[in-house]
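These notes are about the structure you will find just below.
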Amino acid sequence: MDMNQGHGAEELFQAQSHLYNYTYNYIGSMCLKSAVHLGIPNIIHNHGKPITIPQLVSALKIQPTKSNHVYRIMRLLVHAGFFTTSKIVQDDKEEVVYDLTPSSRLLIKDNITSLSPFVKAMFHPALVHSSEFLGEWFHTNEVTPFHTAYGMSYWDYLSQNQEFNSLFNEAMISDSGMMNLVIKDCKSVFEGLNSLVDVGGGKGAVGKIVSEALPNLQWTVLDLPHVVENLQNTNNLKFVGGDMFQSIPSADAILLKLVLHAFSDEDCVKVLKKCREAISIKGKEGKVIIIDIVINEKNDNHELVQSKLYFDVLMMVVVTGREREEHEWEKLFLESGFSHYKITPIFGMRSLIEVYP
Ligand SMILES: C[S@@+](CC[C@H](N)C(=O)[O-])C[C@H]1O[C@@H](n2cnc3c(N)ncnc32)[C@H](O)[C@@H]1O
């Protein structure tokens, strides 16, 4: 029996196109990866003006036999919104030139808001390969598809794999660099605080940005020992190696940026209870500051929802975490003994959540 009887050919061809589009999503991802690998955003940026394909090819220093394939990658990435084209007249000849868009400008290396290290790390085989086990994982007893692929947790893999550990930490630093854009608007969040512990604070990228802006605030980064080893303390920024499930130093406030989304509800409640103990010195004025995704399918635009849902499944593939809707966050806060919270969506994909005892 043909299940599609009664549907017009046009509708079915549209459905086929939709299906193939999703099937080949990874081809688009790989073109983006190639552009980063080849350094195309930097080449266009350094060129100082829109670039022709021959100029791009000459700067790429690739095998001459591959020269006439470059425009194909560029054509797809123009279609995907990473580059734009326009026409110029040069030596009486009309030529197509390629320029950056806001998305590819974020890939220019060494820029303060460069996300190139983030994109590079997210394409690491450990992440791409483990996602291939998603379907199979549902039939296994493994904790995550990452366990199915590598026989250990993501955190253990990081601690045993120096190269990936460095890439991952660089990715987190680059992601935090975006905070520079809005940190001036966030000063009120840190006002009245003398001390803060940045739990799972990585290499202290946010700590460096905020502690420089607020010299009277004592900022402590708590992260796993292999992450914070050999990091230099400064006047008001210090690094402590430890485990947030065991103990969190006391402070006026605790920051958890992109930490709770990587853990199950049970683990989040354990950490949040430890946070509540840690801020008890400040009484009712203490707070936990969370920077993380809040899924909001009703109010967010289609692309934002898509990015958040991708993150959610990534958290399912590599760790025990999830991205949460507001009511799911609320449940965690109440279960951990907090009384109220305030959500401010100021970091694009991420929101700022202040949680009070
Ligand atoms: C997704 S990263 C976020 C890093 C940083 N907050 C940022 O936004 O750039 C999660 C961090 O949690 C740390 N982490 C994981 N398990 C931990 C634990 N048990 N105790 C302390 N930190 C932990 C990881 O090492 C990692 O640096």
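We count from 1, first residue shown onward.
Using N, Cα and C of the backbone, Cβ positions are placed for all residues, glycine too.
Features as listed in TrEMBL:
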ACT_SITE  His261  active site, proton acceptor
DOMAIN    22-109  domain 'O-methyltransferase dimerisation'
DOMAIN    134-339  domain 'O-methyltransferase C-terminal'
DSSP helix/strand/coil residue counts for the domain 'O-methyltransferase dimerisation' (22-109): 52 helix, 17 strand, 19 coil
The residue listed as 'active site, proton acceptor' - helix vs strand vs coil (DSSP): helix
